[in-house]
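Here the structure is laid out as structure tokens; the discussion comes afterwards.
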Amino acid sequence: PPRSAPPATRRAPPPPPALGPRAVCGACFCAAFEAEVLHTVVAGRLLPPGAVVAVGASGGKDSTVLAHVLQVLAPRLGISLRLVAVDEGIGGYRDAALAAVRRQAARWELPLTVVAYADLFGGWTMDAVARSTAGSGRSRACCTFCGVLRRRALEEGARLVGATHIVTGHNADDMAETVLMNFLRGDAARLARGGGLGSPGEGGALPRCRPLQLASQKEVVLYAHFRRLDYFSEECVYAPEAFRGHARHLLKLLEAARPSAVLDLVHSAERLALAPAARPPAPGACALLDGLNRGRPRLAIGKGRRGLDEAGPPRDGEPERAPAPEAVPAF
Amino acid sequence: ATPPASRSLRGSVSLGDEAVCPGIEAHDRAWRGGAELLFDGVKKHQVTLPGQEEPWDIRNLLVWIKKNLLKERPELFIQGDSVRPGILVLINDADWELLGELDYQLQDQDSILFISTLHGG
């Protein structure tokens, strides 16, 4: 992929083009990035003309770049955009991120709708879920809940704004990490569902896709840098204990040894076809909430895997331990 | 006249992207988080490197940063003799991979920017 080179006025001209990645200036890099996203959307017929597209906006680098690029491409694609932000109810983190989204909405002049877990899920904020699932001392299960609940929340928000499609900012690194996570945890349900550029929408859900899926995390950050995009760069307070961290670490090591590993993993997942017997349905928001409300939160997330996350029946009298979230450097 | 290798070098070392947050108020920094927490809360450092026999390259700069600027948790920034995987290094707005990475020889008024890619988005 093309990468940035020094501006010609300040330093010696960039080295002549060689085989492999080209050295280009920042402006050309951004143009190439936008062209790549356009190609992904058009070739995959992901967002037809007339589509009302709900953009999952977290204030972070990926959704910021996604919204910006789609705004640039919107006239060519004939689509209109609505921002949908999800408030999971994470103290010390989400309020600040939402402030960033509000600034962005104002700057882009795009309508913004915020949907909150507390409203949608009977008062269950992520902080409450985290307290409810704490205790095993292993990787946090609350992130597993958050992924499923956020998916549902985004769906609700998209319907509220009359969207026909949902887009999220997942990049190639995210997709590769997810593939690794699913393999490492024997999560056949998610492996079966995961591949491909988008889901047509299971069981009446809106079609959703990930236009940045073939862009590396590095390219996303570089684009945001060259376009001077304002985004929120703190890590979620629960992220340090999430299982994804292991997959990310492994992926970084692999990438150092074999740079194409990231995209290779994404392509492998696309081509994966599981035998019907190996494809249990992934538990949805209802199953997870049911488990939470019954005081047996790990019950639902154990399904579809080998039950590796089953912590066993809840122990009566076990004191609730609230997490002590602090801002963590994004490094 | 002093040979170039032993003249001191001036430049800047920046963390995250100050340029993308124009006009950010001081009170907003309470929740900005990010890499500058490792560097005493300062995002942009004007740096003067002392003249020495060996030319300054990024490798030496990282050692210098670890010793002089990094206030806590060095493992979040440096791994071995390089930056932690997932941290982008831009030298005068160019990807360091185009300029020799650790072997790039610093020049006067160079601007080095470190951006993390390791958070959700």
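In case you wondered, yes, glycine gets a Cβ from its N, Cα and C as well.
Feature annotations, courtesy of TrEMBL:
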BINDING   A:Gly56, A:Ala57, A:Ser58, A:Asp62, A:Val86, A:Gly169, A:Asp174  ATP binding site
COMPBIAS  A:306-323  compositional bias 'Basic and acidic residues'
DOMAIN    A:53-248  domain 'tRNA(Ile)-lysidine/2-thiocytidine synthase N-terminal'
REGION    A:300-331  region 'Disordered'
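Overlay of TrEMBL annotations on the structure.
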residue	record	contacts (Cβ under 8 Å, 6+ apart)
A:Gly56	ATP binding site	A:Ser63, A:Val84, A:Ala85, A:Val86, A:Leu154, A:Ile166, A:Val167, A:Thr168, A:Gly169
A:Ala57	ATP binding site	A:Ser63, A:Thr64, A:Ala67, A:Leu83, A:Val84, A:Ala85, A:Val101, A:Gln104, A:Ala105, A:Leu112
A:Ser58	ATP binding site	A:Ala85, A:Val86, A:Ala97, A:Val101, A:Gly169, A:Phe232
A:Asp62	ATP binding site	A:Gly169, A:His170, A:Asn171, A:Asp174, A:Leu212, A:Val220
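Less than 8 angstroms from a Cβ of chain B: among the binding-site residues A:Ala57, A:Val86, A:Gly169, that describes A:Gly169.
The full span of the recorded ATP binding residues, A:Gly56, A:Ala57, A:Ser58, A:Asp62, A:Val86, A:Gly169, A:Asp174, taken as their largest Cα to Cα distance, is 19 Å. For the domain 'tRNA(Ile)-lysidine/2-thiocytidine synthase N-terminal' (A:53-248), the model gives a mean pLDDT of 88.
Between the listed binding-site residues, namely A:Val86, A:Gly169, A:Asp174, the fewest other CB atoms within 10 angstroms of a CB are found at A:Asp174. A:Asp174 (ATP binding site) falls within a helix when secondary structure is assigned with DSSP. In three-state terms derived from DSSP, A:Gly169 (ATP binding site) belongs to neither a helical nor a strand segment and is classed as coil.
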